[in-house]
Amino acid sequence: MKINKRTLFPFLVILFIFLGSFFAPNDPLEVNLPLRFANPSSKYLLGNDSMGRCVLSRILFGGKTTLFMVMTASIIVFTLGLLLGTLTSKVTMKKNVVVDSIINAVTAIPPIAYLIIFIASWGNGIKTTLIALVVSYILRFLRLVRTQINIEYDKAYCTCMISLGASKTRLVLVHILPNILLDLVHYICLSCADMILAITGFSFIGIGLGENVVEWGSMILEARDSIFIKPELIIYPIFAVFITTMSFNIIAKEANRR
């Protein structure tokens with residue numbers, strides 16, 4: 001997939017949000033009670049929240065936190081899912097009903113169920129949420145990889161390559177993976193958008209990253225109590241979530257173009 005006019009802006013949006021903390025004008029955790037609900041100024045471009053903290057800095061640091069977790073989870077999911085999906089496909093083993101049953105059973109459980117289980121075991125935090133995301137998405141990605149490899153493996157060109165003496169490693173790396181790569185990128189980008197919504201939702205209901213972690217979901221939760229006093233405090237993080245998820249969805253759509 002090449003970066004074109006349709007994907008350039010989404011890439012820049014994601015890059016800016018990921019690196020946005022370097023441009024934050026203030027400490028996102030600095031409390032300044034005399035500036036509670038202060039209007040925008042030259043020092044606080046988006047004003048201050050209920051604790052007098054810089055809203056812009058919290059938006060930028062919250063984006064870094066969310067995207068760091070999403071990117072980390074996506075890399076782990078892509079790497080392990082690709083490896084395990086290949087090892088359990090037709091290329092290396094015959095159809096295994098047990099493997100199919102395990103994958104179908106585990107992927108039927110929603111991500112929030114994993115998070116609740118892990119929080120009950122280890123407490124909430126970045127590590128717990130990250131593990132929950134990886135566990136809940138990796139088997140879905142593994143199933144996609146297995147399905148796509150099996151479809152390609154049954155095609156005529158793979159049969160021809162095998163008859164010509166091509167090794168299974170060469171068959172997968174040189175012929176099959178390039179043909180399914182865009183489908184995998186498409187799914188990963190959609191998963192990134194879904195993870196952002198999941199992380200935001202977890203934080204909003206109070207079982208997310210912890211009290212001292214700046215995150216969009218916790219900002220929405222805090223701004224809910226002052227929605228009639230300063231409605232923009234809830235609009236800013238919601239817009240950040242919207243434009244970030246839309247950017248991943250646009251990239252996913254372009255990856256799916258043939």
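In case you wondered, yes, glycine gets a Cβ from its N, Cα and C as well.
The feature domain 'ABC transmembrane type-1' is assigned by TrEMBL to 63-252.
The transmembrane segment feature in TrEMBL is assigned to 66-85 (among others).
The transmembrane segment annotation in TrEMBL covers 97-120 (among others). Away from its own ends, the transmembrane segment (97-120) comes close to residues 88, 128-129, 131-133, 135-137, 139-140, 142-143, 146, 198, 201-202, 207 of its chain (Cβ-Cβ under 8 Å, at least six residues beyond either end).
According to TrEMBL, the transmembrane segment annotation covers 126-145 (among others).
Residues or ranges marked as transmembrane segment in TrEMBL: 184-209 (among others). Tertiary neighbourhood of the transmembrane segment (184-209): same-chain residues 1, 65-67, 69-71, 73-74, 77-78, 82, 111-112, 115-116, 119, 124-126, 129, 133, 137, 140-141, 144-145, 148, 215-218, 220-221, 241, 244-246, 248-249, 251-253, 255-256, selected by CB-CB distance under 8 Å and a gap of 6+ residues from either end.
The annotation transmembrane segment is assigned in TrEMBL to 233-252 (among others).
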